[in-house]
Amino acid sequence: MDHFEIVDGELHAEQVPLSAIAREVGTPVYVYSRATLVRHAKVFREALSALPKVHIAFAVKSNPNLAVLRVLAREGYGADVVSEGEMNRALAAGIKPEDVVFSGVGKTRAELIAAVRAGIGQFNLESEEEGVELSEIAAALRTRATCTLRVNPDVDARTHAKISTGKAENKFGVAYDRASGIYARLSALPGLEMRGLAVHIGSQITDLEPSRQAFLKMGALMNALRVQGYTVSHMDLGGGLGVPYKAGDDLPTPADYGRMVSEVAQGWGVTLMFEPGRVITGNSGVLVTEVVRVKKGTGSPWVVVDAAMNDLARPAMYDAWHDFAAVRPGGETMTANIVGPICESSDTFALGREIDAVKAGDLAVFRTAGAYGATMANTYNSRPLVPEVMVDGERWAIVANRIEPATILAAEQVPDWLA
Ligand SMILES: Cc1ncc(COP(=O)(O)O)c(C=O)c1O
Ligand SMILES: N[C@@H](CCCC[NH3+])C(=O)O
């Protein structure tokens, strides 16, 4: 459930008509509902309430907007970060360093130093090499870094190949068969405190079975490590739970996921950690766009909108589906191709889709755009960086400005030798 509904013939975000936002901020613009974010955060936490010890770290990459992070900080969420930039955002939003988990396959030396200095709560190590480097850094700073070892369980998440992370051929984590040897060697290092294992097999997962298989493998590894005398007090099960992108999609709910985890992790005696991203933010946001013009074609007409693949990259990158809806639907429909203005054929949101009938100047939205939307935006074709708005009941605020091409141009210079 979200808070984007038609009231008096017009799509609203909570109690705010989207046309009011478009009038003042212009389009394209991302609009987030605070109430939906809060609801999703509570539903996910509630789904895990049968588990004894739980730590939830919001996957910042899915939506790193400072106001979004603040909402989740107020819900008691920690943060899962993958760069110094994300770490600084989480801290700026008021998330305590000890509630931050630092993931990522390529943390640089500078990032490791900054994170140790900041007192980050947990490093999810993705290789033995990273562990050795972090140990040196922590020891030099006269401390110990608390870590888990991310394991690649070689399980197919059955999601899009480009967002699958738990197969042996993916770059993430250490090979399952090598994990206990690496854990043993890392446990002996002076600058590390190894406290557990981490796993994350992919994103937009729509079937619980692969996660269950992966978690069972992690449980077996945990037992083997304990038999060898090692401590495993924390198990980070990652994120990845999918969300419905199409009206009518039937997916496992957070409650289904929670039940599966409770069954698998029965008797583990660990703090279970989770890194949800999309399931919290996906349906909390829409991308509002204006129809530039409707162009006749040889087949369906081309509905050219002012949002493009630089604003919402998912359709171009993963052939992802985002529902499209008119802000003031008139009841008629049309079959159309929806495209953006960018000079690439991949700048296509939908082909031959039945949509609300629209004409030039109409406002429309792409739904389920709160996750991996604005965060993946860029300025290709010298377009502005898309702004973001948050709605809270009757009030709303710009939470990220539109960054104009002139601002980006001002950061460039022509060297003397080209004058
Ligand atoms: C390590 C890690 N944790 C958490 C997430 C969040 O995933 P999702 O947004 O699918 O919940 C990701 C992204 O897939 C990730 O790579
Ligand atoms: N960017 C991807 C998700 C990647 C998840 C990163 N671990 C998407 O839009 O679906």
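Each residue, glycine too, has its Cβ placed from N, Cα and C.
What you are looking at is a predicted structure, and each value in this text was computed from that prediction instead of being measured.
In TrEMBL this protein carries:
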DOMAIN    30-370  domain 'Orn/DAP/Arg decarboxylase 2 C-terminal'
DOMAIN    43-281  domain 'Orn/DAP/Arg decarboxylase 2 N-terminal'
MOD_RES   Lys61  N6-(pyridoxal phosphate)lysine
BINDING   Gly240, Glu275, Pro276, Gly277, Arg278, Tyr372  pyridoxal 5'-phosphate binding site
BINDING   Arg278, Arg314, Tyr318, Glu344, Tyr372  substrate binding site
Checklist line | In three-state DSSP terms, the structure that Pro276 (pyridoxal 5'-phosphate binding site) belongs to | finding: coil
Check: Which ones in the same chain are close to Tyr318 (substrate binding site), with CB under 8 Å and 6+ residues apart in sequence?
Finding: His160, Lys162, Ile163
Check: recorded positions Lys61, Arg314, Glu344: which have a Cα within 10 Å of Tyr372 (pyridoxal 5'-phosphate binding site)?
Finding: Lys61, Arg314
Notebook entry, point to check: Nearest to Gly277 (pyridoxal 5'-phosphate binding site) by Cα, among Lys61, Arg314, Glu344 (recorded positions)?
Noted result: Lys61
Check: For the binding-site residues Gly240, Pro276, which one has its C-beta crowded by the most other C-beta atoms within 10 angstroms?
Finding: Gly240
Margin query: Taking 8 Å from the centroid of the Cβ atoms of Gly240, Glu275, Pro276, Gly277, Arg278, Tyr372 as the cut-off, which other residues in that chain fall inside it around the pyridoxal 5'-phosphate site?
Written below: Ala59, Lys61, Ser62, Ser203, Gly239, Leu241, Val279, Ile280, Thr281, Ala371
Next item on the list: Filter the candidate list Pro276, Gly277, Arg278, Glu344 of binding-site residues, keeping only entries whose CB is under 6 Å from an atom of ligand 1.
Entry: Pro276, Gly277, Arg278
